[in-house]
Amino acid sequence: MILVASAPPGVAVIPFTSLLAGNSILSLFATFGAYLSSIFIMPGLILLLTGAEVFPMSKLILTLIELIFLPIVFSRFLLFKDFYKSIISWKGAIINWGFFVVFFTVIGLNQKTFLEQPNILIKISLIAFTTTFLGFILLNIILKKMGINQKDRTSMILLGTIKNSGFAAAIALTLFDETTSIPGAIISAIYALYMIWLGGKHQIE
């Protein structure tokens, strides 16, 4: 759970900001800044909250390069001579298969845990539900009372309730054992329901 908590916002924040008429500039820069700061926040929280004396910083940096920097560079190449237009119709399938590979791996490695300890599944699902659906309601109430306008409030709510759980699961598999990746996989399933719910809204009131 610490890995999910210290993970940056999910990339879904940006398209949902546009869908819900939020502040796209705020969401874009906040997400970018969160990914950069995760290099320091993630190991710091793990050392602080777990009592660990050491952290594989070199492996984390290498993993962040592989999961964040290289995809960004690759995306720039796709824009070269409008090459992306030839694969734009495959975008959804590529994203779905990417999620499938990560979560199929996580669930497969933890099959025994899921079957023998369903209480873990229930507890993490409740936490995920609280931080998404209830978090949405509470943040909206608090930010309204603070006088935050609708566009900025929408971006802040999305940034506060959508974490990159797939990123957290991948980091867990790379740096630790397979059991640490369980929260990321379960929370991603709850996020799917949350995003379907968000997709039914046209604007956050």
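From the backbone N, Cα and C atoms, a Cβ is placed for every residue, glycine too.
Listed in TrEMBL:
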TRANSMEM  25-48  transmembrane segment
TRANSMEM  60-80  transmembrane segment
TRANSMEM  92-109  transmembrane segment
TRANSMEM  121-143  transmembrane segment
TRANSMEM  155-176  transmembrane segment
TRANSMEM  182-200  transmembrane segment
Practice problem: Go through 60-80, 121-143, 155-176, 182-200 and flag the stretch with the largest number of C-beta pairs under 8 Å relative to the transmembrane segment (25-48). | Solution: 155-176
Practice problem: Report, as numbers and ranges, every residue of the chain located at least six residues beyond the transmembrane segment (60-80) whose Cβ falls under 8 Å of a Cβ in that stretch; write 'none' if there are none. | Solution: 35, 38-39, 42-43, 87, 167, 170-171, 174-175
